[in-house]
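Over in TrEMBL, the protein carries these features:
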DOMAIN    6-117  domain 'Tetrahydrofolate dehydrogenase/cyclohydrolase catalytic'
DOMAIN    136-276  domain 'Tetrahydrofolate dehydrogenase/cyclohydrolase NAD(P)-binding'
BINDING   162, 163, 164, 228  NADP(+) binding site
Ligand SMILES: NC(=O)C1=CN([C@@H]2O[C@H](COP(=O)(O)OP(=O)(O)OC[C@H]3O[C@@H](n4cnc5c(N)ncnc54)[C@H](OP(=O)(O)O)[C@@H]3O)[C@@H](O)[C@H]2O)C=CC1
Ligand SMILES: Nc1nc(=O)c2c([nH]1)NC[C@@H]1CN(c3ccc(C(=O)N[C@@H](CCC(=O)O)C(=O)O)cc3)C=[N+]21
């Protein structure tokens with residue numbers, strides 16, 4: 001067997017085109033503001049890509065770039081102003097923030113109704129309670145890819161490797177909501193290869209290049225590789241040893257071109273949803 005490639009770039013392009021069509025029919029533009037503080041170099045690229053994708057789909061998108069020396073109080077005041085601005089439907093505070101600002105404080109300052117990252121504890125709590133709310137973009141994108149790959153979720157054994165607030169935990173909640181039997185693995189998990197070998201669905205969100213080896217993949221499993229790791233050579237690789245996994249998996253996402261583009265498309269999907277909900281449309 002050799003795995004089918006799950007083309008996240010193509011699925012994301014279709015999703016964005018669908019959003020563009022819906023926005024063109026609205027007669028008004030949903031507003032997205034990305035707040036960037038300081039000069040984290042990777043953030044520069046991500047923020048530009050988000051802004052470009054948002055504009056192309058017809059959103060009113062702008063980036064608020066604050067200097068590295070911005071205090072936590074100043075950032076919170078900026079977020080409060082965006083919360084109060086009726087033209088703003090979605091607010092994303094780009095992470096990482098400078099070390100002198102507490103990320104939790106910034107996340108909790110965002111109006112949950114405008115929290116298009118889905119990171120606010122109100123939205124995390126809604127997800128964990130099975131209630132509607134804004135869902136984090138990367139896990140949401142991963143669910144779209146699983147659906148597109150025709151993966152059977154009900155009753156399937158799924159493993160999520162990683163338990164971060166932004167990827168692992170919400171991913172596990174979404175899989176649980178889709179009736180998977182979910183294992184959440186992390187750095188203290190005993191026998192990670194053994195846990196992985198039982199799984200019909202593998203979601204790797206660790207941040208360790210090619211940690212998941214080919215012989216950890218159950219024959220016919222569907223593999224979603226969230227990891228984005230830049231090697232010293234400059235090459236981007238995932239958390240899964242891609243070439244090794246190919247003969248075992250039924251379908252697998254590449255890095256790049258897998259989950260990453262879906263994260264941006266789902267940010268736009270969340271922004272449209274937030275806009276429609278806020279405006280009672
Ligand atoms: N494609 C996309 O759009 C996105 C990609 N990413 C990428 O996804 C990856 C994960 O991101 P994020 O969740 O923010 O990372 P975090 O560093 O916040 O979390 C990593 C998780 O992996 C676990 N872990 C670390 N080492 C091991 C190990 N040896 N075995 C098992 N588990 C381990 C940690 O466990 P513990 O909790 O015990 O410390 C932790 O739960 C990164 O490569 C990141 O770049 C992130 C966001 C979006
Ligand atoms: N508040 C906040 N929300 C986020 O969602 C958030 C964040 N902060 N901080 C950083 C991480 C990372 N992230 C990515 C988005 C797109 C790609 C992406 O488009 N990747 C492409 C290109 C990769 C490349 O060439 O660099 C791909 O995988 O094909 C990757 C990673 C969002 N994040």
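Easy rule for this one: first residue shown is 1, then count along the chain.
Cβ coordinates are placed from backbone N, Cα and C, and glycine is handled just like the others.
For the NADP(+) site listed in the record, the two most distant Cα atoms among 162, 163, 164, 228 lie 16 Å apart. For residue 162 (NADP(+) binding site), the same-chain residues 6+ apart in sequence whose C-beta sits under 8 angstroms from its C-beta are 168, 185, 186, 204, 205, 206, 207, 226.
In sequence order, 236, 238, 255, 256, 260 are the residues near residue 228 (NADP(+) binding site), counting only same-chain partners six or more apart with C-beta under 8 A. If you take the C-beta of residue 163 (NADP(+) binding site) and look for same-chain residues 6 or more apart in sequence within under 8 angstroms, you find 169, 172, 184, 185, 186. Remark: residue 164 (NADP(+) binding site) has 205 as non-local neighbours, by Cβ distance under 8 Å and separation of at least 6 in sequence. Mapped onto DSSP classes, the domain 'Tetrahydrofolate dehydrogenase/cyclohydrolase NAD(P)-binding' (136-276) shows 53 helix, 26 strand, 62 coil.
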